[in-house]
Each structure stands twice: as C-alpha cells, then as structure tokens.
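Colleague: Below is one structure. I have some questions about it.
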Amino acid sequence: MVHPYADAEVHGSSAVDIASLIAGVEQDVEAISALLPRYGRLIPRYTSYPPATRFNAQVNAAKEAEWLRALPGGEALSLYFHVPFCDELCSFCACNTAVVRRVESRLAYGELLLDEVDRVHGLTGAEHPITHLHWGGGTPTSLPMAAMRRVMERIRERFPLADDAEISIELDPRHLPEDVPPQLHEMGFNRVSFGVQDLEEDVQEACGRRQTEELTAECIRAVRAAGIQAINIDLIYGLPRQTAESVARTAARVAAWQPERLAVFGYAHVPWKQKRQRLIDESTLPQVRERLVQRQTIDAVLKRDGYQVVGLDHYVLPSDSMAEAVRQGTLRRNFQGYTVDKAKVLVGMGASAISSYPQGLTQNAPSAAMYKNAMKARPQSRPVLHGLERVGDDSVRARVIDKLMCLLEVDLDEEAPGHAFPELDRQIGQYVDDGLLVLGPGSQGGGNRHLKVTELGRAFVRNIASLFDEYLPAPGSAPAHSSAL
Ligand SMILES: C[S@@+](CC[C@H](N)C(=O)[O-])C[C@H]1O[C@@H](n2cnc3c(N)ncnc32)[C@H](O)[C@@H]1O
Ligand code: SF4
C-alpha cells in the first residue's frame, strides 16, 4: 500500500510563516546563547558510559568471549552490521568510509560478515532470539544484494528472529536502484533510514552532495510501495550556506513526507580528522549563534507539523514506536543514537563495529583492511581491537546518564538507590539557578533525588548528564569530544 501521506503537499510554509517562526525562536536563542560561555565546553555524546575514549587494549577478544559465553540461555540479542563503503562520497561527511570499485572486494567483505555471524553463534549458542537488527555505515546497500541476502539468511539459520524484531537499514537515496526496496522487504527489513541533510540546491552543492527533492520523494514512495512503512530521515543544521530560512523550508518539506522519525544533527566540522571536509569553504559555515537559530527553527517547524521531540536530537510521529518507548520509559541510547531496542546485549559485526554487554564494551578492528587481517589472523575468534570493562559504580552512572539523555529526567531513588553523588551536590545548584534543571523528591522520599531537565535545559542535556561522569576530563584539556551544541 502506498503511504497515505506520500503525495501530500508541503504544509503552509510561506515566507511570512517562516519569518514569524524564526522571530518566535529569538527568545530561546537569547537564553541559550547567554549560557554558552558557562556550558559550551566539549562533552561526550553519551552514546555509552563510560565513553569510547576509555577504550583500552586490556579488553580483548578473549575477554569478550567470556562475556558472550556467559550469556544466560534465552537472553535476547541485538545485532549491528557495519559496512564502511559508499557508492559516492560527500564532502561534509565525518564517517570513515570509502568507495570500493572492485565488486570482488565488496563480496569478500560480505563473506567476512558471514564468517563473523558463525563465530558469534559459536560463542553464544543458538538459543538467543534476535529482537533488533540494524545495518549501518557508510551505505550498506553498496554491498552486492546477493551478499547481503546471504548474511540475512545465515542469521536466520543460526538464531531465531523475533516476530516483532525491528530490522532496519541505512540507505543513500542517490544510489537506490528500483529493484532494491522489494528485495529489502523480502529479506525482512521493516524500517529504513535515508540521509537527506538539506533539500536546497546551493547548500547541497556546498556540501558535495547533490540529491534532488524529487529523487528523495521517489525513494520514499518506492520503499513504502515495497511494503516497508517505517521511514527515518537524517537532517543537519550548521552546514555551509544554510540560513534559518533555508533550514525552515527543508524541515517543512521533509515533514510533509511524514517520515516516522527524524534525526537532526549539528554539523561536525573536523577537517583535521576527516580530510574530505577540507573541500568545504569555511567562510560559508554558519557561526555559533546562527547555528543555534537554525537548530531552534527546525525544532519549531517540526513541532508545528506534528512531531514529538525525543531526547537531544530526534523527532517522531506520536504513532511511532519511539514515542511509545518514551511513554513507557524504555527508550535507550546506543552507538547508533536513540533506540527502542530492549536487548541487554548488542553484538556489532564488521569493521569498527561496537558491541555492548552488561560487563562492558568492545570495538572491532577499525578499517576494512584491519578487520580482514584480524579475521584471517585469528580464525575462531572475534576481530576485537579494544574495549572497556565497567568497574565500580560505572553501571549505576550509565543507567542515570541513559535516563537523562533519553527521557530528560531521572529518579535517583529508583536508578541509583542509596547511592550518593558528592560531586553532583557541589555543582547542581548552578544548573538549577540557570533554569536548566528542576529538583524534586525521589520516589522513596529522598530530598532532591528527582531531576527533571527543563525545555531550556534540553540544549544542555549533555552537560547535565556529565554531572554523573566520573571520567570527564578537566575543562581546557585536549579535546576528545565535540561541543555541546
Ligand atoms: C551513514 S550516513 C547515512 C546513510 C547514507 N550513507 C546516506 O548518506 O544517505 C550517516 C549520517 O551521519 C550524518 N553525518 C555524517 N557526517 C556528519 C557531520 N560531519 N556532521 C553531522 N552529521 C553527520 C548524516 O546525517 C548522515 O546521514
Ligand atoms: S553521508 Fe552517507 S553516502 Fe555520504 S559519505 Fe557519508 S556515509 Fe557515505
């Protein structure tokens, strides 16, 4: 069935509407700007705690094998497959990806993934239902379809796939041949995520990514017609040549397609890490205040058009499973961002993939070449490069940080019963005085044990979460993280 909104016209977003929306966000922008000198420091994104900057070589494949073998029978698993290839590169992109022209090399990568599924199965046994499965990258469909099909079949041969599993994949609309959506549906995919970033031609040109609005609309139509009804779209603010007006137009046009979820990221300009970003003309990058106006403008447009804000940077239709996860208090955060995945164990396969266990985290060898070497060098073992083990009260802090990042509130009586956070008591007053947090009694009556992030505080939720981060480097030390906004 074609989605009822597939042909919807762009909602009423005349120049007058847009001007009044932008005027409406001015007050919020002023309030956030005033706090930037105090809170604008570099902070982790808290897709894990402790953060990935703590990875070390003491946690290796042997340690991870212990964790996998120790899984209780029947424990659900979430699987992630990383494909570090793209069909075409974009100058703005910070991901570690490459175009691999030789089909033999891409097929060989698919074979390694098959092998890795077998190795995981060898360590866990078969009795673990897969409740969540995601392919990311790069662009996973740059693998030949036959290779992806073989991996999906192998997963089903080795593990039971839960009937209600979310099975999702990231797609590049510029490279989606028309026979692919029906094949993805056949393989069991029920959610896709499209990179869009911005719909305006001059912004696209400045970012090195040409993708017409018609092309994206056609891809959405094709995916829905193939029977995959859940659509995610990525947008970015802070890109070269973007203005508040231009991002408002993009947000309104994208909202008219009614994707179930939208992720709205701030552009990370890191040319010292990602050389292709040197193609970006820095004089066309919006400055801090302009970025803030853009962020708040997109927020206002998406809320106006029926989206519910989730956490730091997601917008969802109230009917989407992520809105339900917020209502139920079960939303979580992992290396792919916000997720409805409830499994306690996420096993990442492929180059650079990160796995998460109650005991700690591991990461596979980072590049395709190193991944291949690690797979060949140790034939029975997982290609783990490094990781971290949770120690002391890491798990308690991880739970508290997760609740704050996902639900913007936490009851310390519930998540950290009997646990004191002396460093928190020293700093929290400032956050309350600045209007970022409201304190109340915890569910067991503990004074000031309930923390609720205010609407103003949402922009600084990473700072608030960092109050519980024992490993946060002192202000002014070498930057390992990105700026809070
Ligand atoms: C793996 S890609 C998405 C799928 C597919 N490769 C595509 O581009 O359509 C991951 C997403 O990361 C985000 N991203 C990449 N580079 C970024 C940057 N420098 N700053 C912020 N977000 C970025 C983009 O929104 C992009 O859609
Ligand atoms: S945005 Fe997507 S297609 Fe472009 S380089 Fe990054 S991962 Fe590849």
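Note: Cβ is positioned from N, Cα and C throughout, glycine not excepted.
In case it helps, TrEMBL gives these features for our protein:
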{"type": "DOMAIN", "residues": "71-308", "note": "domain 'Radical SAM core'"}
{"type": "BINDING", "residues": "Y80, G137, E170, I354", "note": "S-adenosyl-L-methionine 1 binding site"}
{"type": "BINDING", "residues": "C86, C90, C93", "note": "[4Fe-4S] cluster binding site"}
{"type": "BINDING", "residues": "F92, C93, A94, G138, T139, Q197, R209, D234, A268", "note": "S-adenosyl-L-methionine 2 binding site"}
Colleague: I need the CA-to-CA distance for A94 (S-adenosyl-L-methionine 2 binding site) versus Y80 (S-adenosyl-L-methionine 1 binding site), whole Å please.
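Modeller: Cα-Cα distance, A94 (S-adenosyl-L-methionine 2 binding site) to Y80 (S-adenosyl-L-methionine 1 binding site): 20 Å.
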Colleague: Measure from the CA atom of I354 (S-adenosyl-L-methionine 1 binding site) to the CA atom of C90 ([4Fe-4S] cluster binding site) and give the result in Å, rounded to a whole number.
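Modeller: Computed Cα spacing between C90 ([4Fe-4S] cluster binding site) and I354 (S-adenosyl-L-methionine 1 binding site) is 24 Å.
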Colleague: Tell me which of the binding-site residues C86, C93, G137, E170, I354 ends up closest to R209 (S-adenosyl-L-methionine 2 binding site) in space, Cα to Cα.
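Modeller: Closest by Cα: C93.
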Colleague: Using DSSP and three states only, what is G137 (S-adenosyl-L-methionine 1 binding site)?
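Modeller: It is in a strand.
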Colleague: Of the binding-site residues listed here (Y80, C86, G137, E170, I354), which is spatially closest to A268 (S-adenosyl-L-methionine 2 binding site) when Cα positions are compared?
Modeller: G137
Colleague: Among Y80, F92, all listed as binding-site residues, which has the most CB atoms within 10 Å of its CB?
Modeller: F92
Colleague: For C93 ([4Fe-4S] cluster binding site), what residues in its own chain, 6 or more apart in sequence, show a Cβ-Cβ distance under 8 Å?
Modeller: Q274, R276, Q277
Colleague: Let me check the 10 A CB neighbour count of I354 (S-adenosyl-L-methionine 1 binding site). How many other CB atoms are there?
Modeller: 21
Colleague: When DSSP states are folded down to helix, strand and coil, where does C86 ([4Fe-4S] cluster binding site) land?
Modeller: coil
Colleague: Do any of the binding-site residues Y80, R209, I354 touch ligand 1, in the sense that the CB is under 6 Å from one of its atoms?
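Modeller: None, as no Cβ falls under 6 Å.
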Colleague: Near the S-adenosyl-L-methionine 1 site, what residues other than Y80, G137, E170, I354 in the same chain have a C-beta no further than 8 Å from the centroid of the listed C-beta atoms?
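Modeller: Not counting the recorded site residues, we get F81, H82, V83, H134, W135, G136, G138, P140, F335, Q336, G348, G350, A353.
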Colleague: Quick one: which of the binding-site residues (Y80, F92, E170, I354) have their CB closer than 6 Å to ligand 2?
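Modeller: From Y80, F92, E170, I354, counting a Cβ under 6 Å from ligand 2 as near, there are none.
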Colleague: Relative to the Cβ of G137 (S-adenosyl-L-methionine 1 binding site), which residues of the same chain, six or more apart in sequence, are found under 8 Å away?
Modeller: H82, V83, P84, F85, C86, C95, T97, E170
